[in-house]
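Quick look at what TrEMBL lists:
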- GLY17, ASP75, ALA76: Ca(2+) binding site (BINDING)
- HIS364, HIS369, HIS544, ILE667: Fe cation binding site (BINDING)
- 2-114: domain 'PLAT' (DOMAIN)
- 114-667: domain 'Lipoxygenase' (DOMAIN)
- TRP99: site 'Essential for stabilizing binding to COTL1' (SITE)
Amino acid sequence: MATYKVTVATGDMVEAGTNNSISITLVGSNGESRQTTVSFLFLPGKEKSLSVHCGQDLGPIVLIRLHKWRLFLEDAWFCKDVRVTAPNGTLYRFPCYQWLEGVTTVEVREGSGKKLVDDKLQILKEHRNRELAARQEAYRWKNFAQGWPRCLSVDSIFELDSNIQFSCIRATNFTGFLVFQGASHFMSGFLLRYSSWNSLDEMRTIFSRTQGRDIVPEYVAKHWQEDDFFGSQFLNGNNPIIIRCCTTLPLNFPVTPEMVAGSLGSDTDLGKELQEGRIFIVDYKVLEDIPTDTIYGRQQYIAAPLCLLHQGTDGLLRPIAIQLSQTPGPCSPIFLPSDDEWDWLLAKTWVRNADFYIHQLLTHLLRTHLFGEVFAIATLRQLPTCHPFFKLLMPHFHFTLHINTLARSVLINQGGLIDKGSGVTYEGLLLVVQRGLEQVTYTSLCLPDDIRQRGMSHVPNYHYRDDGMSLWEAIESFVTGIVTFYYDGDAAVSGDTELQAWVMDIFTNGFLGRTSSGIPSSLQTVAELIKFLTMVMFTCSVQHAAVNNGQYDLGAFVPNAPSSMRHPPPCEKGRAFLQHFLDTIPEVATTANILVALILLSSQLKDRRLLGQYPEERFTEAEPRRLIRAFQGRLEEIRDQIEARNQVAELRYNYLNPLETENSISI
């Protein structure tokens, strides 16, 4: 007689327990036990212990089966893990972390990370195949729009599997319902005002009532007209990835040395500044000829500007020339800091409007949310639970499929918040993302390569770059440890058929098989694998934090990030004045609608999991657990560095503080 001691743990979240019957079967290399009842009552956060008696030693325990059945009412159960101690004292751990619903049997592998080649037993190979077949049936691809990355084939959050839905705490707290209603109520005096703002100062009243969240918006309201602040946002604002060093002016942006001489200073000229790398450009060509919509019956307008910036001797970036179209000519003047105050301010505001679109639709939606969903679906479809990279990556997809499904229902859908509050038509929205995907490159998704490619390595005060590089290197070090623990060389990488299927799924469904993107369709070396995994984890955590967390801070004061423009771009100088400006930026009601969305997107909800937090202990071996602790220690060092810098900063850059950076795209 062989006796196995078994401990079954229930998750600690609300409603994790059950009063349904749970039983267990142990499966070893030499046989399996009889089905043994564990209990009829499981409480959240509690454990149940039992002994399983077998007629013989089962050998190493490689698999368990959890059986759930009910006599009357259904009561779902969330199993945290199961621990089995063999007669010889060997402890086997079975991380589960999933809901069991209905009358069901769930098979759970022993927790060691295993590649396909590591499985020698036929029963484990068969389990692997069954699991992937079931997942590929459950998580199917569909087209949301032509030329977009493909997404999960569900129409609402109610179709999602329980294991990828919001937790009860988050669902209850989710500001999609609570803050949305609260914000609507608090802004009820604005939502029905379809007229222009009465003054610039009046715009501050819409956010000054938001307790505790008005510090940065007040700073923006005070400084938004300043060229220094305008330039700084291309480095440390919501869209810090569009600016690039300019060594040769585009042919369609005919800025002359005489135009900018006053901005550059007396001891230099445009040619010298271009040659020495102190001229920078932002180009919104992707917005050219995008169809515009009406809001409250009034036609809206969009521009595709170019903006030239100069790094002064003090290290600060300032705009020195703006053209509001891609076609120079008499009706597309180049605006300069020496122009009339309102001409220059209006030109900068048109740039900020263009930046709003590019940030929301490309930098934020496409390059974090949509790609994060692609990574998540491919992982669920191609990597079994026991695969080392399933264990590594799943925490970085926590709630992503839920939030994206919700976004397709209320935010980016036809008639959704973005459609109602911005100046582009729904078709225009779809077209911008389609164009954006066509321009995405692998280089642009890998921060060190992107910084070099854009020529931004030596620009001072670029906190997004500096904090981002620290976090990229921390993630890369962690990933390197995991990869080298499980893969002993390049042949192990190229020979992992599940890994290759995963990469191909991402290439095909995320980047639509476009080889010119440079996105790999296979991984042949350890170095290639480390880089790709680092990119995935960085995108789903750090990059999303960088482009999401400051949306309310920098967008609450509407002239700094207008979502629409109600007059066409000016064709000549000398026509702008205060009332024209107020009549161009969004009216009161549109401002209120967009601010509701910004509050929602910038909210910090309960049940957050910060970068490096892994409450689900999916790795059971000692080395991966040591690597996690080392990663967490490095993140603490980065946190301290950022907070030390922020103590002496006039405007803190805290969006990449690990204490503000979530592990996944969950909002």
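Think of each number as a place in line: the chain as shown, counted from 1.
Note: Cβ is positioned from N, Cα and C throughout, glycine not excepted.
Of all the recorded positions listed here (GLY17, ASP75, ALA76, TRP99), TRP99 has the Cα closest to the Cα of ILE667 (Fe cation binding site). The Fe cation site, placed at the center of the C-beta atoms of HIS364, HIS369, HIS544, ILE667, has further neighbours from the same chain whose C-beta lies within 8 angstroms: LEU365, THR368, GLY372, ILE403, VAL547, ASN548, LEU601, ILE665. Note: the domain 'PLAT' (2-114) comprises 0 helix, 67 strand, 46 coil (DSSP; helix = H, G, I, strand = E, B).
Ranking the recorded positions TRP99, HIS364, HIS369, HIS544 by the distance of their Cα atoms from the Cα of ALA76 (Ca(2+) binding site) places TRP99 first. On a Cα basis, GLY17 (Ca(2+) binding site) lies 32 Å away from HIS369 (Fe cation binding site). Contacts of ASP75 (Ca(2+) binding site) defined by a Cβ separation under 8 A and a same-chain sequence distance of 6+ are given as THR18, ASN19, ASN20, in order along the sequence. In terms of C-alpha distance, the listed binding-site residues GLY17, HIS364, HIS544 place GLY17 closest to TRP99 (site 'Essential for stabilizing binding to COTL1').
Taking the mean position of the Cβ atoms of GLY17, ASP75, ALA76 as the Ca(2+) site, the remaining residues of that chain whose Cβ falls within 8 Å of it are GLU15, ALA16, THR18, ASN19, ASN20, PHE42, TRP77, PHE78. Between GLY17 (Ca(2+) binding site) and HIS544 (Fe cation binding site), the C-alpha separation comes to 34 Å. Non-local contacts of HIS364 (Fe cation binding site) by the CB criterion (under 8 A, 6+ apart in sequence, same chain) comprise ASN238, HIS544, VAL547, ASN548, GLN551. All protein chains shown were included, and the count of other CB atoms within 10 Å of the CB of ILE667 (Fe cation binding site) stands at 23. With a 10 A radius on its CB, HIS369 (Fe cation binding site) counts 24 other CB atoms from all the protein chains.
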